[in-house]
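If you check Swiss-Prot, you get these features:
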- 1-45: topological domain 'Cytoplasmic' (TOPO_DOM)
- 46-66: transmembrane segment (TRANSMEM)
- 69-89: transmembrane segment (TRANSMEM)
- 90-105: topological domain 'Cytoplasmic' (TOPO_DOM)
- 106-126: transmembrane segment (TRANSMEM)
- 127-138: topological domain 'Extracellular' (TOPO_DOM)
- 139-159: transmembrane segment (TRANSMEM)
- 160-184: topological domain 'Cytoplasmic' (TOPO_DOM)
- 185-205: transmembrane segment (TRANSMEM)
- 206-216: topological domain 'Extracellular' (TOPO_DOM)
- 217-237: transmembrane segment (TRANSMEM)
- 238-318: topological domain 'Cytoplasmic' (TOPO_DOM)
- 275-299: region 'Disordered' (REGION)
- 319-339: transmembrane segment (TRANSMEM)
- 340-366: topological domain 'Extracellular' (TOPO_DOM)
- 356: N-linked glycosylation site (CARBOHYD)
- 367-387: transmembrane segment (TRANSMEM)
- 388-398: topological domain 'Cytoplasmic' (TOPO_DOM)
- 399-419: transmembrane segment (TRANSMEM)
- 420-425: topological domain 'Extracellular' (TOPO_DOM)
- 426-446: transmembrane segment (TRANSMEM)
- 447-477: topological domain 'Cytoplasmic' (TOPO_DOM)
- 478-498: transmembrane segment (TRANSMEM)
- 499-504: topological domain 'Extracellular' (TOPO_DOM)
- 505-525: transmembrane segment (TRANSMEM)
- 526-530: topological domain 'Cytoplasmic' (TOPO_DOM)
């Protein structure tokens with residue numbers, strides 16, 4: 001701090017997307033209750049995901065969707081997400097809404113999720129009530145259901161990036177780690193509850209008779225859980241709005257020269273001025289005038305500059321994205337086909353047999369048991385997430401990352417080699433280890449990278465090189481993009497492998513092989529901050 005006759009230091013607290021010559025200020029400590037409230041978004045999201053996993057195939061079959069359109073349903077959403085995630089991530093970095101940068105996007109995507117569920121779970125019933133012509137009814141039912149599935153998948157995949165960026169914006173480094181563990185914990189709880197409710201035969205219960213069909217029952221529960229969870233999430237931690245440092249000079253933003261409050265939201269773009277009665281107020285204004293063009297150029301991000309920021313991201317970010325892609329490719333390869341694997345390989349059923357045949361009924365039984373296996377996965381994911389907090393102090397993030405990939409690779413390998421009912425259900429717990437790992441460790445590493453960069457920025461002279469337009473939203477979105485890319489790879493390539501091999505056992509073998517390759521990658525190429 002300078003004396004009373006010198007210029008006042010002007011501290012600008014900005015995200016990684018902007019020049020931050022004096023570093024960033026640590027956020028205040030958040031209570032466990034606030035972090036749990038923040039994590040409810042993951043509970044609601046995963047609950048709805050589980051309902052979709054249990055019901056989307058029966059819904060698509062019931063409306064008569066042609067097999068030729070199946071691939072379009074499953075590929076359209078991840079393709080859209082892969083293309084748009086970084087754009088929206090960058091837009092949220094520069095959002096100037098009064099109630100924050102991330103929450104407007106989270107609210108919009110939650111509404112889109114609700115609309116998507118309403119369309120794919122109720123579309124057929126609505127069309128049946130409004131359209132009499134059988135041909136038009138078929139066309140409208142298929143169209144509305146497809147739109148609903150794509151809209152829900154797109155929104156549910158998309159929303160993870162803004163939720164993580166919101167957590168990173170409002171929490172200290174220690175609270176980020178705790179928050180990510182709570183996210184994984186409630187992700188498991190939400191998935192388990194969704195799978196359990198999806199396994200109940202609602203048709204023969206009073207609620208099923210009251211609402212009409214099991215599809216309407218599940219929409220009722222899904223809408224209720226989603227609305228309550230996201231209201232809780234959006235009210236969890238106050239988010240400071242982005243101030244316009246390019247149009248509001250420091251003297252206007254804080255005419256009294258007061259520092260930011262402790263509760264305060266050391267927000268992106270805000271100004272702190274040191275209390276000093278003899279400070280020269282002309283100096284900060286002059287500095288603001290000199291920096292104004294730079295600030296404007298930083299906030300204006302074209303598609304070209306965004307792509308350049310992603311292409312030129314540091315190598316350790318790229319390696320983390322590749323490892324995330326490998327992990328999700330292995331995980332989705334197994335999860336998307338697991339119930340079919342249980343029905344065909346473990347139970348030796350026939351999905352193409354007559355619906356009243358013994359082989360088909362055996363297949364259905366295998367699918368039901370497979371759903372319970374996925375429930376075991378969700379429960380164990382929550383349990384493992386709880387113990388992760390203790391384990392990280394002993395084996396570090398590298399050990400957690402490596403162990404998650406290794407256990408999943410070994411577990412799926414044993415399932416493929418020895419397809420027994422009981423051993424398969426026990427080994428479903430390894431899916432939970434991988435799920436928890438994918439939801440926590442990569443984002444913990446992103447938080448570590450951000451903290452390291454902020455420390456380096458604090459040691460640089462003013463006017464040093466910036467991060468080429470990259471912000472926390474862009475980094476989280478780039479990581480989340482890998483989930484969509486993995487879906488594209490799995491949806492486009494795994495069916496081809498199954499057709500070539502003539503058996504779905506190739507699915508779990510592929511998942512095992514990819515995961516073990518990922519073990520080597522996370523050990524050799526991913527950078528870990530000491």
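Cβ atoms here come from the backbone N, Cα and C positions, even for glycine.
It is 478-498 that, among the stretches 217-237, 319-339, 478-498, forms the most Cβ pairs under 8 Å with the transmembrane segment (139-159). Summarised as a single figure, the pLDDT of the topological domain 'Extracellular' (127-138) averages 84.
For the transmembrane segment (478-498), the neighbouring stretch richest in Cβ pairs under 8 Å, chosen from 46-66, 106-126, 185-205, 426-446, is 426-446.
Counting C-beta pairs under 8 angstroms (sequence separation of 6 or more), the transmembrane segment (185-205) reaches the transmembrane segment (367-387) with 3 or more such pairs.
Between the transmembrane segment (426-446) and the transmembrane segment (367-387) there are at least 3 Cβ pairs closer than 8 Å, counting only pairs 6 or more residues apart in sequence, which means the two stretches are in contact. Under DSSP, residue 356 (N-linked glycosylation site) is assigned to coil, being neither helix nor strand in the three-state scheme.
Secondary structure of the topological domain 'Extracellular' (420-425) per DSSP (helix as H, G, I; strand as E, B; remaining residues coil): 5 helix, 0 strand, 1 coil.
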